[in-house]
């Protein structure tokens, strides 16, 4: 029986270890002599353009994805087909980008693992997340705990000057200084001043 490639969507809140997982998977493939392609959204420039970096200091160069990039053609035209494609910040992908990833799996038989946030600070799905939830063959939650208690964090609280923010642009690039992983209770009632 032939094992066919699949599209995986692994989501979690901020600080759940998504990027560490990407770097670990890449290392495991490459230790076996199997090349991978790491890609990330061009919107995330926290650690530099075309860089995937974890909060614990691990980092790798990555191919940047723009909304109009033809990811399918990029992979199809590579001299050596990768064994796996790893996507960071997949919430920022466009519908076209996600459809390209599905085509890579279905037509090129290359597995794709997309990692990202599911919902924004207002609890709305990102475009990339919505499309991945619709098209992924396997969906997995990467869990972390609420910053204020021991419950599972399922939401992201945006803060500004130490205060919760519930309105504003969907995309505002930031890290631990801006976004906090929280449970539902502490999203609606954070133990910080509003």
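Note that the numbers count up from 1, one per residue, in the order the chain is shown.
Glycine is treated like the rest: Cβ placed from N, Cα and C.
Computed from a predicted structure; not experimentally measured.
Annotated features, as they stand in Swiss-Prot:
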ACT_SITE  89  active site, proton acceptor
BINDING   12, 13, 14, 15, 16, 17, 18, 19, 88, 89, 90, 91  ATP binding site
BINDING   146, 149, 183, 186  Zn(2+) binding site
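Those residues noted as binding ATP (12, 13, 14, 15, 16, 17, 18, 19, 88, 89, 90, 91) have their most widely separated CA atoms at a distance of 15 Å. Checking each of the recorded positions (16, 88, 89, 90) against residue 186 (Zn(2+) binding site), the C-alpha distance stays within 10 Å for none of them.
Compute the center of the Cβ atoms of 146, 149, 183, 186, which mark the site for Zn(2+); besides them, the chain residues with Cβ within 8 Å of that center are 145, 147, 148, 150, 151, 153, 182, 184, 185, 187. According to its DSSP assignment, residue 16 (ATP binding site) is coil. Least packed by the Cβ count within 10 Å, out of the binding-site residues 14, 149, 183, is 149.
A separation of roughly 13 Å, to the nearest angstrom, links the Cα atoms of residue 89 (active site, proton acceptor) and residue 16 (ATP binding site).
In the three-state DSSP scheme, residue 90 (ATP binding site) is classed as helix. With respect to residue 146 (Zn(2+) binding site), the closest of these binding-site residues in Cα terms is 16, chosen from 16, 18, 90. Within the same chain, the residues at least 6 positions away from residue 18 (ATP binding site) whose Cβ sits under 8 Å from its Cβ are 10, 11, 12, 88, 115, 116, 142, listed in sequence order. Its own atom aside, the Cβ of residue 16 (ATP binding site) has 20 Cβ atoms within 10 angstroms in the protein chains shown. Among the binding-site residues 14, 16, 90, no residue is found with its Cα located within 10 Å of the Cα of residue 149 (Zn(2+) binding site).
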